Structure formats: C-alpha cells, structure tokens
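Written below as structure tokens is the structure these notes are about.
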Amino acid sequence: MKTINDFNFENKKALIRVDFNVPLNNEFEVTDDTRIQSAKPTIIKILEDGGSCVLMSHLGRPKGVEEKFSLQHIVDKVSEVIGVQVKFVNDCVGTDVEQAVAELKSGEILLLENLRFHKEEESGDVAFAEQLSKLGDVYVNDAFGTAHRAHASTAVIAQFFPENKCFGSLLAKEIESIDKVLNNSEKPVTAVLGGAKVSSKITIIENIIDKVDNIIVGGGMTFTFIKAMGGSIGNSLVEDDKLDLALHILQLAKGKGVQIYLPVDAVIADNFSNDANTQIVNTNEIPDGWMGLDVGPKTNELFDSVINKSKTILWNGPLGVFEMESFAKGTIELGNAIDAATQNGAFSLVGGGDSVAAVKQFGFADKVSYVSTGGGAMLESLEGKTLPGIDAILN
Ligand code: AMP
C-alpha cells in the first residue's frame, strides 16, 4: 500500500483529493472543521518535504454552479487550520486553473473550486479526470468519505498517475483501522450493531460473522429478533418481512460459534417523545401501546461484561434513540464500557452511519482508538465491498 510516506515531495506538486464537504451556517461559516483538521497531517507532510498542494474537493450537492456551494467560503478556515494562507481559483479545470498551478511555489497551497460544479465529476468522466490530472505530479487520495464513489476525482483520475499515486495519511489510517478490526484482529472480537433497522445492517452481519466472536445487537433492530423468537414487542419498531432473516442470522451465528447478545430488558415508552411515560421491562414482554426505545440496566450490565473481555471492538449504531435524553443512557453506558476496554488495551473502532454523531455528542471521540470519517464508505467497507477510491490506488 503506497502512502505519502513513500514519496519525497520536494519541488513536486501534489494533487490531493480531500473531503472538505463541511457544514456551513447561513453566513457561510464552517460550523465543524473536523474534516479539514483530518486532512492536515497529509498537507503538512507535503509542505515540509518542500512540495506544494493543489486541493480538490466537493461541497454539498450543487446542480451546476451554485454560489452557496462555492469552496471560496472555506478558504479562511482552511488557511487558519493549516497555518498557511491558501490561494483559491474559481474553477477546477481549464487554462486559468493550469496557470494558477504553474505559478504555485513550494510551500504554497491552492484550493480548487467545487468539483461538482461539473457534472462530469460524479459521472466519472474520463476526459474530465484527465484534465484534472494535469494539475499535479503526484495524485494523493485522502478522502475516505467519498472512497465508495467511482467519481472522476476519487477513482477515475488514478489511471493518469500509474506510478505516482498514493493514499494520504487519513485514508491510510482508515484502511489500517478496518483491517485491524476485520482481518488482523486480536481476539476476542466484538461487534456492536445498533441503529434502526436490521435491513440496513444485514450485509454487515453476513460479512463480519466469520471474523468476530461476539455480536451485540441493540437499537430498533432488537425487536425484529425478539418478535422472531416469539416475544411480545408491543409497538416497538419492527420489520415484519425480516423475521425469517433474523432467525436465519441466529442460526448462522450458532453454526459458526459466534455469540449473539440481544438486550434482555428495555426502557419502554408510551409514545415516541422525550417526555413520554417510561418503564423498564423484559425485552420480550413489552405490552401493547408501549415501545422499546433504549436498553435497560440488566442489558447494560450484560453488554459491559462482554465489552470488558474484548480485545477488538467495532461499534456501529446507537443502542437507543440517543437523540432524546430519556433514551440515551444505554448508548452512553456502552460508550463508557468501550472507553474502559480501550484504556485496558483493546482496539476500538467507531464508524458508519449515525454512530459517529452519537460518539461526538457524548464526548467519546477521544476515548476510542479510532473514529472513522466516512459514514457510507465505512458501511460499505464493513459490508466487504471493494471501494473504488481505494482500489484505484492499489491496482
Ligand atoms: P442507523 O442509521 O441505522 O445507525 O440508525 C440510527 C437511528 O436509530 C438513530 O436515529 C436512533 O434514534 C434510531 N434508534 C435506535 N434505537 C431505536 C429504537 N429502539 N427504536 C427506534 N429507533 C431507534
């Protein structure tokens, strides 16, 4: 796996695909600069080598050129985070852009305008990718968030740099973390799968079942399993067309010696709101008119003991409706258990979908070993899919 550490960038122009798809407020100020911070190590390494950086990214989902999606809005923030005044050019291909790149000196950074102002970016147009490829000597992909897309700047472009292409340090770290959990893991390995629906996690379960020792199930999908096993789930979230599938997963796990832990008790509510009436009951004895919105204390104890013994932990999805304070406790307790296990030497990876939001909201981001920066890309990695952005650098 070639990374930026295999190159000396002295007097070289690095064309870097970053993921600067950051949230902006109504005044077009960046409200969360995590993604810019994440790209910093790659940019600094190249500048310190004596090279220059041409940064390309998308922002939002513009339909053609839309001022509100201009990357001009983030120039000051990128300059502040990197500590270098960033130059900007108001397109990403063409002679003006090529001229701006030609004038770029060692130690300088040029940010290109939003790639998605050209529809050819998302369609993966080869001619557009070739135009982009003129803007650097070495192509660096550091955008995990778009690694599952076969776009011009994330995958197609790599063919124009047969020797001079590599991963940035963020993308390399993402690949290493997934590998550490799924392929080179220290046992026992525990995957926590929470969130809303079984249907969105089934491919993950099928892919990881050969690689883990324990699967902890939480969140809304609990109730499809409980109902399939004959329990009463009241008005809890359920996918009735997935009952057979839930039984199939339980059978599959049994056959492979994988332990599946389901919640034994639940915090139930008489409606889907933070100030609903609540009580704690066994997960398979939920009365009609009530729905399970979080795991209960016995479940937390059970899950804690499993996490405590684990050496590798993957966490995808909250254990309850964590957005409401009344139903956040199970997710917080799980975070505390993963924090403690990590302090005891376990490797913990959080990623995919909503998990990152939960982890950030409760301040666990610094307490786990690694928080993935790519929701969809992480999910597809866990599903065992080949990501075009990664494949294009490797092959
Ligand atoms: P996902 O994107 O699949 O990880 O799902 C995350 C969502 O699942 C969050 O918005 C949670 O509020 C929701 N969720 C978690 N537990 C439950 C539950 N018991 N009932 C309904 N929704 C839930």
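The backbone N, Cα and C atoms fix where each Cβ goes, and this holds for glycine too.
TrEMBL does not curate its annotations; it predicts them automatically.
Feature annotation from TrEMBL assigns substrate binding site to Asp19, Phe20, Asn21, Arg35, His58, Leu59, Gly60, Arg61, Arg116, Arg149. The (2R)-3-phosphoglycerate binding site annotation in TrEMBL covers Arg35, Arg116, Arg149. Annotated ATP binding site per TrEMBL: Lys201, Gly292, Glu323, Gly352, Gly353, Asp354, Ser355, in sequence order.
Recorded features from TrEMBL, shown on the structure.
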residue: Asn21; record: substrate binding site; CB count, 10 Å: 19
residue: Arg35; record: (2R)-3-phosphoglycerate binding site; CB count, 10 Å: 23
residue: Gly60; record: substrate binding site; CB count, 10 Å: 14
residue: Arg116; record: substrate binding site; CB count, 10 Å: 24
residue: Arg149; record: (2R)-3-phosphoglycerate binding site; CB count, 10 Å: 21
residue: Lys201; record: ATP binding site; CB count, 10 Å: 26
residue: Gly292; record: ATP binding site; CB count, 10 Å: 28
residue: Glu323; record: ATP binding site; CB count, 10 Å: 14
residue: Gly352; record: ATP binding site; CB count, 10 Å: 27
residue: Ser355; record: ATP binding site; CB count, 10 Å: 28
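For ligand 1, the binding-site residues lying close by, meaning a CB under 6 A from one of its atoms, are Gly292; the full candidate list was Gly60, Arg116, Gly292. In the three-state DSSP reading, Gly292 (ATP binding site) counts as strand.
Other Cβ atoms within 10 Å of the Cβ of Asp19 (substrate binding site), summed over all protein chains shown, number 25. The (2R)-3-phosphoglycerate site is defined by Arg35, Arg116, Arg149, and by the 8 Å test on Cβ atoms against their centroid, the other residues of the chain that qualify are Asp19, Asn21, Ser57, His58, Leu59, Leu115, Ala143, Gly145, Thr146, His151, Thr154. The Cβ of His58 (substrate binding site) lies under 8 Å from the Cβ of Asn21, Asn114, Leu115, Arg116, Glu121, Thr146, Ser153, each of these being in the same chain and 6 or more residues away along the sequence. Arg149 ((2R)-3-phosphoglycerate binding site) sits 20 Å from Lys201 (ATP binding site), taking the CA atoms of both as reference points. Of all the binding-site residues listed here (Arg35, Lys201, Gly292, Glu323, Gly352), Arg35 has the Cα closest to the Cα of Asp19 (substrate binding site). Between the farthest pair of Cα atoms in the (2R)-3-phosphoglycerate binding residues (Arg35, Arg116, Arg149), the distance is 18 Å. In the three-state DSSP scheme, Arg116 (substrate binding site) falls into the helix class. A straight line from the CA of Arg35 ((2R)-3-phosphoglycerate binding site) to the CA of Gly352 (ATP binding site) spans 15 Å. Rounded to a whole number, the C-alpha distance linking Gly60 (substrate binding site) with Gly352 (ATP binding site) is 19 angstrom. Across the annotated binding residues for substrate (Asp19, Phe20, Asn21, Arg35, His58, Leu59, Gly60, Arg61, Arg116, Arg149), the two most widely spaced Cα atoms sit 18 Å apart. Secondary structure from DSSP puts Ser355 (ATP binding site) in a helix.
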